[in-house]
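Asker: First, the structure itself, so that you have it in front of you.
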Amino acid sequence: MESNQSNNGGSGNAALNRGGRYVPPHLRGGDGGAAAAASAGGDDRRGGAGGGGYRRGGGNSGGGGGGGYDRGYNDNRDDRDNRGGSGGYGRDRNYEDRGYNGGGGGGGNRGYNNNRGGGGGGYNRQDRGDGGSSNFSRGGYNNRDEGSDNRGSGRSYNNDRRDNGGDGQNTRWNNLDAPPSRGTSKWENRGARDERIEQELFSGQLSGINFDKYEEIPVEATGDDVPQPISLFSDLSLHEWIEENIKTAGYDRPTPVQKYSIPALQGGRDLMSCAQTGSGKTAAFLVPLVNAILQDGPDAVHRSVTSSGGRKKQYPSALVLSPTRELSLQIFNESRKFAYRTPITSALLYGGRENYKDQIHKLRLGCHILIATPGRLIDVMDQGLIGMEGCRYLVLDEADRMLDMGFEPQIRQIVECNRMPSKEERITAMFSATFPKEIQLLAQDFLKENYVFLAVGRVGSTSENIMQKIVWVEEDEKRSYLMDLLDATGDSSLTLVFVETKRGASDLAYYLNRQNYEVVTIHGDLKQFEREKHLDLFRTGTAPILVATAVAARGLDIPNVKHVINYDLPSDVDEYVHRIGRTGRVGNVGLATSFFNDKNRNIARELMDLIVEANQELPDWLEGMSGDMRSGGGYRGRGGRGNGQRFGGRDHRYQGGSGNGGGGNGGGGGFGGGGQRSGGGGGFQSGGGGGRQQQQQQRAQPQQDWWS
């Protein structure tokens with residue numbers, strides 16, 4: 001192989017001092033000192049104009065003419081010295097197998113200023129042949145920035161081929177940010193495989209899904225003309241790329257929430273889905289969302305726009321809102337899984353100063369699916385970096401808490417005040433483990449009138465796959481009792497301990513550490529990198545005990561949690577449902593232990609109903625306390641046993657009447673009649689996970705205090 005010295009085409013003095021201008025050492029030619037910036041050499045570190053090659057990548061043999069800097073590294077220098085020659089021939093493994101600038105021109109009219117690369121050469125990514133035959137248009141690779149100054153004269157994407165590269169390619173899908181071209185707008189070329197990314201995305205545990213348990217879970221779907229549920233993913237008309245990603249992810253067959261949600265969303269229906277975390281609801285909205293964007297193609301993508309001030313505004317096709325950083329990150333990683341090797345890109349926005357610049361940088365690379373917390377999203381929209389005009393799909397995850405925890409004004413601002421298509425023009429989906437009536441009424445403001453309501457039985461209640469233990473523990477005995485439980489569980493199992501306050505989480509974790517337990521904590525006062533680090537230590541079992549506040553742990557899907565301990569019981573039984581759902585995931589067996597004392601009397605009756613419904617052991621003292629409250633009239637709960645507690649909510653539209661499909665909008669009862677009537681609610685009911693039996697059922701008038 002020729003040395004870089006032989007590619008110089010100029011003297012060492014010329015490399016060090018071009019016309020009296022000092023050349024920094026890191027831009028010089030390495031061993032010979034003269035291979036960096038001589039008139040014929042270019043920057044041998046960057047594989048630039050003329051003969052210099054990227055030395056570690058094999059070099060550009062056969063150097064061309066009059067050099068200059070490939071990327072200029074102007075740093076306030078004059079652009080005039082940055083015009084290069086014709087470039088070398090990109091044989092052999094240039095720039096780590098990517099053939100960078102092989103065969104292209106030199107460092108054109110713009111140098112490194114404003115992150116613009118050289119004017120010459122194509123970026124023949126993954127190719128081993130000649131480089132692109134035409135120059136970049138006003139700029140080069142630009143650090144993966146897909147701005148309007150970076151498009152070449154041609155737009156073919158030579159995907160992992162070993163022949164000649166296409167003209168001027170500079171991004172993976174260089175027509176995403178360009179006006180649609182009839183010949184290249186079908187996204188026909190799938191991206192190359194990347195073993196490292198595959199290991200990152202698909203190595204997580206999915207084999208632990210207990211589908212036999214899932215088949216026992218009851219499902220109710222209400223609304224007019226509810227789409228038929230599916231039994232297999234092959235029942236859907238999915239794009240072949242996402243079908244392959246589903247198989248690669250190890251999904252054997254759809255879970256109950258997926259069987260009903262995916263066909264409803266594919267059919268253009270809005271959806272309110274009541275399903276517990278861990279039931280597969282993230283895939284239930286991501287699969288139809290990614291599939292729709294793929295099938296719509298780039299012609300339907302709202303192009304990004306660069307303002308006069310140089311700011312680039314992205315217009316996502318889909319928006320997913322969630323209440324916490326961790327849940328947003330979890331959804332983002334799942335979206336990457338289903339969009340793997342497709343032209344679809346996801347972006348992530350959540351609060352915290354330490355990640356802001358990185359989030360904005362990645363956002364500028366392109367965004368079809370945006371996953372965000374409401375506050376950070378509003379901040380970025382106020383800066384003119386995000387527009388909602390092209391958003392055709394809206395998802396609210398953990399919607400009950402989003403609407404109940406003070407996020408409602410922010411959600412309204414995002415949806416109603418930023419030119420987002422109206423609810424009649426978009427598809428909206430809401431998912432949560434519970435949907436009380438008041439939240440349903442609030443959610444209707446964002447949904448079309450004919451939305452589908454889906455109620456999936458609690459995984460861990462009706463399936464009896466979570467053993468629930470309620471124990472009486474006085475406040476001053478909690479730490480001692482907790483350590484007894486931890487010792488009994490052992491280090492081989494993951495244990496999640498819930499407390500009510502951030503201070504309580506820190507104090508308890510500190511105490512357990514002093515007692516030689518491997519423990520970490522997450523709460524709102526920790527920085528984001530600390531929270532992510534602690535979660536990783538917990539997931540991997542390095543620290544098998546996690547002490548968390550409920551808000552910080554909202555929606556987290558952590559496999560293999562064997563034991564959930566409610567060190568502090570919540571004041572709301574719905575929150576109790578969210579918490580115990582962290583164990584017994586995807587149909588597997590788990591244990592939930594709750595410390596109860598006089599402070600928790602307000603939830604005694606509802607807690608008893610849940611225990612009875614799940615056929616769990618009911619302590620005599622809890623039954624007696626609940627009976628005293630019921631007879632004394634001192635508590636207004638949600639109703640007695642058997643009134644649907646096995647679901648996290650029932651469609652309020654069909655709770656107001658009884659009989660066989662009575663008249664009036666929403667006044668009729670039952671699941672009979674299908675779409676043959678104007679009032680009432682046609683739908684499906686299944687005693688198992690997604691059967692197709694359509695039934696007619698009479699409903700008794702619910703107790704008055706059911707939704708109180």
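Heads up, the Cβ atoms here are built off N, Cα and C, so glycines get one too.
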Asker: From 202-230, 231-259, 289-317, which range did Swiss-Prot mark with motif 'Q motif'?
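Answerer: That would be 231-259, the stretch labelled motif 'Q motif' in Swiss-Prot.
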Asker: What range among 141-144, 357-360, 397-400 does Swiss-Prot describe as motif 'DEAD box'?
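Answerer: Spelled out, Swiss-Prot records motif 'DEAD box' over residues 397-400, not the other listed ranges.
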Asker: Let me spell it out: take the motif 'DEAD box' (397-400), skip the flanking residues so only those 6+ beyond its ends count, and list any with a Cβ under 8 Å from a Cβ in it.
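Answerer: Sequence-distant neighbours of the motif 'DEAD box' (397-400): 272, 277, 281-282, 285, 320-324, 327, 331, 430-436, 439, 443, 554-555, 574.
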Asker: Look up Thr282 (ATP binding site) in the DSSP assignment and reduce it to helix, strand or coil.
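Answerer: Helix, per DSSP.
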Asker: Translate the DSSP assignment of Gln276 (ATP binding site) into the three-state scheme.
Answerer: coil
Asker: Measure from the Cβ of Gly278 (ATP binding site) and count the other Cβ atoms within 10 Å, all protein chains considered.
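Answerer: Total other Cβ atoms inside 10 Å, all chains included: 27.
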Asker: Near the Cβ of Thr282 (ATP binding site), how many other Cβ atoms are there if near means within 10 Å?
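Answerer: Total other Cβ atoms inside 10 Å, all chains included: 27.
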